[in-house]
Amino acid sequence: MSQEKAVSPPSFDDDEFKGHGGSSEFPLSETKTRFSNLNDTIEDGSVIFNQTSDGRRNIGILSAVFLVFNRMVGTGIFSTPSTIFSLSGSVGLSLFLWVAGMLIAASGMMVYVEFGTAIPRNGGEKNYLEYVYTRPKFLVTGMYAAYALLLGWAGSNSVVFGEYILNAAQVEVNRFNQRGVGLACITVAFLIHGLALKWGLRLQNFLGVIKLAIILVIIVCGWVALAGHARVPNPHNFTNAFEGTTGTAYGIVTALYNVIWSYIGYSNANYALSETKNPARTLKIAAPSALILVAILYLLVNIAYFAAISKEDIADSGRILAATFFYNMFGEKAERAMSVFVALSAFGNVLSVIFSQGRIVQELGREGILPFSKLFASNWPLNAPFMGLFEHWLVSVIIMLAPPPGDAYNFLLNVISYPLSVVNTFVSFGLIYIYLNRSKFPDFNPKLRATFPVVIFFFLSSIYLIAAPFVPPSDPSQNVYDSLPYYLHAVVGIAIFGAGAAYWLLWAKILPYVGKYKLVRATVVGDDGWSRNLFRKVHVNKDEDRSAIEE
């Protein structure tokens with residue numbers, strides 16, 4: 001076998017490494033490796049290195065915008081305003097919470113753009129956490145692996161897809177048919193991205209155009225309703241807009257979780273930067289453009305709902321609020337048509353979610369962190385992360401089937417949003433630490449800076465979202481669940497990170513101690529011309545002062 005050594009990671013911009021794919025400076029065979037002191041440099045997080053082949057860069061600005069847009073605009077704006085209104089108690093506070101959620105999302109987007117333009121590689125926040133939190137060694141890697149593997153991000157919108165399709169077909173929704181249709185939705189998304197990558201991206205872009213058209217129709221219809229031309233009487237929801245405000249800590253934070261759920265996705269392009277053309281420039285344009293567009297559309301859609309639907313009907317409509325809106329405007333046939341369009345929007349979101357999550361799983365496999373890592377790392381059979389996509393499909397299906405029928409969607413939404421708030425807290429604090437300790441991170445050179453006040457705001461917002469769910473609701477009717485404890489999603493979220501810490505203890509401490517080796521991470525370039533961090537077992541030979549690397 002040929003020898004491979006760790007690549008000495010230079011610091012360079014996107015365009016500077018395009019010609020290095022086959023040079024002798026970057027050996028491409030993946031066999032046994034002897035590591036130098038470079039390992040300590042990488043493990044300390046002081047070197048940023050990224051290389052990928054030009055052939056893998058398929059994502060341009062438009063596709064990146066739709067990656068973000070499709071991830072954000074799933075079913076949240078069509079289904080969560082009812083819950084947000086019920087928890088806030090008034091139209092005025094409900095709209096204010098949408099503005100607050102937008103500000104939190106915008107600050108988070110700036111934090112992720114700064115990290116993404118400084119570390120333009122697949123994996124998103126995993127790279128940023130590893131770059132800053134280097135002690136205890138590899139702990140953040142183990143905890144993030146559990147976060148990435150055990151959350152079924154695509155499950156919630158698959159459930160809503162089933163509900164809207166059944167509503168369009170005028171079939172009574174129950175636990176089995178709703179989740180059966182949802183299972184079909186997520187399975188199709190998995191197979192498209194696993195077996196036909198380019199067609200999956202094209203379909204995502206097409207569905208992005210569809211959902212943009214739906215939102216624009218709702219907005220225009222809202223203006224018509226404000227002019228007094230709806231089928232139902234004017235509900236006058238903007239008169240005494242803050243009447244009925246409840247304002248409990250639990251209600252506000254739970255409502256904010258619903259708003260933030262609707263904005264989740266502002267960092268979606270960060271997960272595929274190794275596959276993005278000119279990633280720093282593309283990210284700087286795509287992420288802010290998509291977020292600004294979505295923020296404007298969300299506020300206008302909420303105004304449209306309140307212009308055409310009474311407070312009582314909004315509170316009672318649940319997740320089919322958009323269908324209720326079209327019923328009030330045009331009648332039953334329009335309600336059914338709208339249900340189909342919202343289902344297509346949900347499907348576009350599922351496509352976007354499973355696309356990014358599959359790549360996170362693949363990145364964990366490529367680094368050798370997971371059991372059966374080579375399986376998850378592969379691009380078999382058709383140059384896409386099929387097994388990474390499969391893992392996320394499997395977890396999403398399990399989580400879809402577990403909760404009681406009435407609580408399924410809300411539990412899925414909150415059990416995903418809570419751990420994300422934990423991750424965002426550590427990501428934002430990591431950026432604060434870099435700001436205060438610039439000399440420790442000489443190669444951190446982002447193309448766009450979030451600024452210190454913005455990062456502090458995002459950090460404090462994330463801490464609030466972590467702490468508030470443990471404050472019991474003063475009014476039992478504000479418990480977002482019908483039959484589950486109000487705090488369950490927070491406990492499950494913390495347990496996921498606990499599982500990651502337990503895996504780290506086994507993977508990085510107990511097994512190396514028993515096997516008399518240590519884990520070493522270095523950056524290597526593989527046969528595909530794609531750089532990656534790689535964990536290997538290093539056994540110290542008692543008779544020789546050297547380290548040998550085992551496959």
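Even glycines carry a Cβ here, placed using N, Cα and C.
Here is what TrEMBL records for this protein:
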type     : residues : note
REGION   : 1-29     : region 'Disordered'
TRANSMEM : 59-79    : transmembrane segment
TRANSMEM : 91-115   : transmembrane segment
TRANSMEM : 136-156  : transmembrane segment
TRANSMEM : 176-197  : transmembrane segment
TRANSMEM : 209-227  : transmembrane segment
TRANSMEM : 247-264  : transmembrane segment
TRANSMEM : 285-308  : transmembrane segment
TRANSMEM : 337-361  : transmembrane segment
TRANSMEM : 382-403  : transmembrane segment
TRANSMEM : 415-436  : transmembrane segment
TRANSMEM : 448-467  : transmembrane segment
TRANSMEM : 487-508  : transmembrane segment
**Message:** Quick test of the contact rule: Cβ under 8 Å, at least six residues beyond the ends. What residues does that give for the transmembrane segment (487-508)?
**Reply:** 137-139, 141-147, 150-151, 369, 411, 414-415, 417-419, 422, 466, 469-470, 472, 481, 519
**Asked** Would you call the transmembrane segment (448-467) and the transmembrane segment (209-227) in contact, using three or more Cβ pairs under 8 Å, pairs 6 or more apart in sequence?
**Response** no
**Prompt:** Among 91-115, 136-156, 285-308, 415-436, which stretch has the highest count of C-beta pairs below 8 Å with the transmembrane segment (382-403)?
**Reply:** 136-156
**Fill in**
Under 8 Å Cβ-Cβ from the transmembrane segment (247-264), and at least six residues away from its ends along the same chain, one finds 71-72, 76-77, 80, 83-84, 87-89, 93-94, 97-98, 100-102, 104-105, 291, 294, 298, 413-414, 416-418, 420-421, 464-465, 468-469, 471-475, 478, 480, 486
**Complete:** Residues outside the transmembrane segment (209-227) whose C-beta sits under 8 Å from one of its C-beta atoms, at least 6 past its ends, are 69-70, 73, 77, 234, 297, 300-301, 303-305, 307-308, 322, 325-326, 328-329, 338, 341-342, 344-345, 348
**Asked** List, by number or range, the same-chain residues at least 6 past the transmembrane segment (91-115) whose CB is under 8 A from its CB atoms?
**Response** 81, 84-85, 124-125, 127-128, 237-238, 241-242, 245, 247, 252, 255-256, 259-260, 262-263, 266-267, 270, 283-284, 287-288, 291, 295, 298-299, 302-303, 306, 311, 424, 427-428, 431, 446, 448-451, 454-455, 457-458, 461
**Request:** Decide whether the stretches the transmembrane segment (415-436) and the transmembrane segment (136-156) have at least 3 CB pairs under 8 angstroms, with pairs required to be 6 or more apart in sequence.
**Result:** yes
**Fill in**
The answer for the transmembrane segment (176-197), taking Cβ pairs under 8 Å and residues 6+ beyond its ends, is 58, 154-155, 158-163, 165-166, 203, 346-347, 350-351, 354-355, 358, 381-386, 389-390, 392-393, 396-397, 400-401, 405, 408
**Asked** In the same chain, which residue numbers or ranges, 6 or more beyond the ends of the transmembrane segment (337-361), come under 8 angstroms Cβ to Cβ?
**Response** 66-67, 70-71, 73-75, 78-79, 122-124, 126, 148-149, 153-154, 157-158, 160-161, 164-165, 167-168, 185-186, 188-190, 192-194, 200-201, 203-204, 207-208, 210-211, 214, 265, 268, 271-272, 320, 322-323, 325-326, 370, 376, 384-385, 387-389, 391-393, 396
